[in-house]
Amino acid sequence: MKTIIVFLSLLVLATKFGDANEGVNQEQMKEVIQNEFREDFLNEMAAMSLLQQLEAIESTLLEKEADRNSRQKRCNGKNVPCGSNHSPCCSGLSCEETFGYGWLYKSPYCVIPSNG
């Protein structure tokens with residue numbers, strides 16, 4: 001019987017003070033909601049800033065890729081005919097008349113430049 005009286009008195013006290021704290025709880029909930037909205041706003045601003053940074057990086061990478069696509073035009077390798085009717089020789093090679101097969105095809109060939 002004593003335990004029931006103790007529990008009932010605790011129930012009455014909890015009900016009484018629970019109602020008194022309800023206004024405080026509502027104020028705390030409002031503060032929590034406002035803080036969440038602030039955090040959401042700040043997170044959104046940070047995301048926008050990050051997005052702008054990523055777009056800047058992407059544009060620089062695309063520029064580099066475009067530069068990479070503007071490579072040297074097709075060129076002839078070593079021992080390939082060259083001249084006015086053919087593509088130019090690649091870098092490091094020169095278009096010269098050779099003794100080997102130049103006489104047969106009647107055109108100069110791309111060869112490593114001679115030092116003479």
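Easy rule for this one: first residue shown is 1, then count along the chain.
Cβ atoms are placed via backbone N, Cα and C, with glycine included.
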According to Swiss-Prot, the disulfide-paired cysteine of CYS95 among CYS75, CYS82: CYS82
Record Swiss-Prot, residue CYS110, disulfide partner from CYS75, CYS89: CYS89
Number of other Cβ atoms within 10 Å of the Cβ of CYS90 (disulfide bond) across all protein chains: 15
Number of other Cβ atoms within 10 Å of the Cβ of CYS82 (disulfide bond) across all protein chains: 21
